[in-house]
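Peer 1: Dumping the structure here so I can ask a few things about it.
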Amino acid sequence: MEAYKSEFIQFALSRQVLKFGEFTLKSGRISPYFFNAGLFNTGADLARLGEFYAKAIQASGVEYDVIFGPAYKGLPIATTVSVALFNHFQIDKPVCFNRKEAKDHGEGGQLIGYGLSGKILLVDDVITAGTAIRESMTLIAQNQAELSAVMIALNRQEKGKGELSAIQEVERDYQCQVLSIVNFDDLMTFIEQAPEYQQYLPAMRAYREQYGVK
């Protein structure tokens, strides 16, 4: 596992963004871990978060022209990612956001920032049902742009209602890559190498056996 992945997991644990234990998800599933990126909520947190996204983007080799952050959680992520790419890699990319509701005054419209053109890198925290991606795809298509890839913090590698995960459905429906800083397998690798967390291994393995994608 790359060093930045292990560092990200440690960072998420230190900020209580990632917790191990027993948690009831909205789906009703009992999960042995919980991830809430909304707890990255200080300037220092967001600066580090952006750096991890930037490292993952660079490691992926993905090609893109514009960074797009879907409302609302994607807005601060897109901002900190663009700053981190410039500060750490001297890569200067334009940023675009959308409003949930279009404005008919001021600058108007549904988009804020650079606009959508060329190859789009969409950044968000997680993909649960894929709703934000589907809404974003409408905007991207309306602007004759192309979704190059989606970058999220955590890929749960978990089935939805069928055999595919929401991420696999997005990849299938839009022929794009969904990339992540870390995934469930990375969490497992981290736990296996960290004695203080090995008590959670049986529950994590059982969860993967029951809900993990093939």
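Note that Cβ sites are derived from N, Cα and C of the backbone, with glycine treated the same way.
Look at Swiss-Prot and you will find Lys26, 72-73, 99-100, Lys103, His105, 124-132 tagged as 5-phospho-alpha-D-ribose 1-diphosphate binding site. The annotation orotate binding site is assigned in Swiss-Prot to Phe34, Phe35, Thr128, Arg156.
Distances, neighbours, how buried they are, the whole picture for these features please.
Peer 2: Around Ile127 (5-phospho-alpha-D-ribose 1-diphosphate binding site), the same-chain residues at least 6 positions away in sequence with a Cβ under 8 Å from its Cβ are Ile133, Val150, Ile152, Asn155, Ala166, Ile167, Val170, Val178. Following the DSSP three-state reduction, the secondary structure of Ile127 (5-phospho-alpha-D-ribose 1-diphosphate binding site) is coil.
Taking Cβ-Cβ distances under 8 Å and a sequence separation of 6 or more, the neighbours of Phe35 (orotate binding site) in its chain are Ala12, Val17, Leu18, Val126, Ala153, Leu154, Arg156.
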Peer 1: So how many other Cβ atoms are close to Asp125 (5-phospho-alpha-D-ribose 1-diphosphate binding site), meaning within 10 Å of its Cβ?
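Peer 2: Taking every protein chain into account, the count is 20.
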Peer 1: Here are some binding-site residues: Thr128, Thr131. Which one has the most Cβ atoms within 10 Å of its Cβ?
Peer 2: Thr128
Peer 1: Validating a neighbour-count step here. Other CB atoms within 10 A of the CB of Phe34 (orotate binding site): how many?
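Peer 2: For Phe34 (orotate binding site), the 10 Å Cβ neighbour count is 15.
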